[in-house]
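Working notes for the structure below.
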Amino acid sequence: MTEGDAGGGPGSPRTYARRWLFLLAVSLLSCSNATLWLSFAPVAEVIAQHFFLSMEQVNWLSLIYFVVAIPGGIAAIWVLDSVGLRAATILGAWLNFLGSALRALPCMAVWIPSPFAFFMAGQSLCALAQTLVIFSPAKLAALWFPEHQRATANMIATMSNPLGILVANLLSPALVKKGEDIPLMLGVYIIPAGLACLLATTCIGESVPPTPPSAGAASSTSEKFLPGLWLLLRNKAYVILAMCFGGGIGVFSSFSALLEQILCASGYSSEFSGLCGALFIVFGILGALILGLYVDRTKHFTEATKIGLCLASLACLAFSLVAQLQGQAIVLAAICSLLGLFGFSVAPVAMELAVECSFPVGEGAATGLVFVLGQAEGVLIMVLLTALTVRRTDPSFSTCQHGEDSLDWTVSLLLMAGLCTLFTCVLVLFFHTPYRRLQAEYRGLPPPRMPTPALLDPLETPGFS
């Protein structure tokens with residue numbers, strides 16, 4: 001079944017309705033994977049008490065995603081660009097499903113001596129699946145969607161991941177009130193993982209459509225794996241984008257992971273911290289929807305990314321100042337909302353921009369390397385921020401548990417705002433690139449489809465390659 005035949009001839013770009021089914025499978029898989037990532041974190045104390053684990057062990061059930069993402073990400077790039085999108089999606093779906101089932105095994109068999117080993121093994125399989133899931137949206141959008149729908153499709157698949165984080169933060173505490181409720185929680189999370197696996201295995205029949213939806217899709221992954229990575233490293237514009245936006249990913253990952261610890265030190269409850277985290281994600285999804293539709297129509301990828309990061313840096317600076325004050329709940333909630341609206345929403349657009357400035361390198365490599373750098377920078381930033389905390393000498397209003405009731409996050413928060421501002425300034429001042437994929441597509445289409453002259457300005461300074 002086809003729709004929207006662009007040219008009418010046998011070689012004309014064509015779209016297929018089943019692209020939406022592919023998008024549904026990837027989105028459901030991404031949402032499920034994110035819920036599995038953070039399913040233990042909101043009920044960490046109950047998990048630790050019921051299975052006689054330490055809090056460090058429970059924290060590692062989430063941290064394993066960061067550890068696996070760096071080496072696993074390189075393998076995922078090769079799978080996506082060399083083996084194909086269909087195989088990568090099905091493999092990710094099965095790893096995700098098997099990981100979810102393995103986590104539930106200690107609750108179904110009383111003879112298992114070490115439940116932590118099964119939890120960690122299941123989380124590790126899910127972490128491997130994550131690298132395949134996170135890298136897929138840009139490639140799916142490029143291969144199956146026409147140029148006026150690519151950013152929107154990328155946005156839907158990419159924002160399914162933070163939606164899963166939001167679901168986990170709301171669902172896990174609702175399901176688990178005491179240790180006996182843990183099997184129910186683990187069983188519930190198997191359901192979407194199984195549905196995503198069934199949908200990917202039975203409904204995805206091919207990696208690419210019979211007829212590409214655009215000239216860019218016809219040229220996708222024209223560079224092999226290692227030569228493609230070498231071209232990326234020699235592309236000045238791409239390196240700047242990867243380092244700066246990867247740093248932004250690291251800052252926002254650290255913000256999400258440390259939010260409760262930062263706010264409880266100033267006397268805010270864990271429920272309020274959860275509300276701020278939810279507002280951060282909800283407004284990020286809302287902003288991504290608006291921004292995705294906007295850039296699909298205007299192709300202002302660079303402008304949207306730079307302006308969004310500038311506004312996010314201002315919001316990050318405001319958070320670093322206000323988070324140290326007591327009794328500012330409404331202001332903090334508003335700042336977290338703005339931080340998500342301006343910063344989180346830029347992610348899908350920046351991934352599209354990474355593909356545009358690195359074409360014809362494969363989408364898996366272009367977006368995957370940004371993510372791998374972001375995870376590595378995130379680990380370094382998180383370690384640095386926690387290392388710079390000091391004990392408070394003045395009276396504390398802390399609501400933190402486990403004896404961490406007198407930490408001063410002032411230096412760490414200012415550093416976080418400074419790093420966000422530094423990455424943004426470097427990107428704004430030094431990142432310039434033509435839209436190479438759009439240029440290739442518009443050169444192959446009839447004159448009526450040509451864009452405005454500014455888009456294809458031959459004098460625009462490209463990154464060297």
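Placement of Cβ uses the backbone N, Cα and C atoms for every residue, glycine included.
Note that TrEMBL annotation is computational and uncurated.
What you are looking at is a predicted structure, and each value in this text was computed from that prediction instead of being measured.
Per TrEMBL, these features apply:
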DOMAIN    19-436  domain 'Major facilitator superfamily (MFS) profile'
TRANSMEM  20-40  transmembrane segment
TRANSMEM  60-80  transmembrane segment
TRANSMEM  87-111  transmembrane segment
TRANSMEM  156-176  transmembrane segment
TRANSMEM  182-204  transmembrane segment
TRANSMEM  237-259  transmembrane segment
TRANSMEM  271-295  transmembrane segment
TRANSMEM  307-325  transmembrane segment
TRANSMEM  331-355  transmembrane segment
TRANSMEM  367-389  transmembrane segment
TRANSMEM  409-431  transmembrane segment
Take the transmembrane segment (307-325) and find every residue of the same chain, 6 or more past its ends, with a Cβ under 8 Å from one of its Cβ atoms.
-> 245, 248, 251, 255, 262-263, 266, 287, 291, 331-332, 335-336, 338-339, 342-343, 345-346, 349, 409-410, 413-414, 416-417, 420-421, 423-424, 427-428
With Cβ distances under 8 Å as the criterion, find the stretch in 60-80, 87-111, 237-259, 271-295, 409-431 that has the most pairs with the transmembrane segment (367-389).
-> 237-259
Same-chain residues at least 6 beyond the ends of the transmembrane segment (331-355) whose Cβ lies under 8 Å from its Cβ atoms = 137-138, 141-142, 150-151, 154-155, 158-159, 162, 238, 241-242, 245, 248-249, 252, 255, 259, 263, 268, 272, 275-277, 279-288, 290-292, 295, 301-302, 304-305, 308-309, 311-312, 315-316, 318-319, 322-323, 363, 366-367, 370, 433, 437
Where does the mean pLDDT land for the domain 'Major facilitator superfamily (MFS) profile' (19-436)?
-> 84
Would the transmembrane segment (271-295) and the transmembrane segment (156-176) count as touching if the test is at least 3 Cβ pairs under 8 Å, pairs 6 or more apart?
-> yes
Taking the transmembrane segment (60-80) as reference, which of 20-40, 182-204, 409-431 has the most Cβ pairs under 8 angstroms?
-> 20-40
Tertiary contacts of the transmembrane segment (182-204) (same chain, 6+ residues out, Cβ under 8 Å) | 18, 21-22, 24-25, 28-29, 31-33, 35-36, 39, 43, 46-47, 50, 86, 89-90, 92-94, 96-97, 99-101, 103-104, 107-108, 171-172, 175-176
What stretch in 20-40, 87-111, 237-259 has the biggest tally of Cβ pairs under 8 Å against the transmembrane segment (156-176)?
-> 20-40
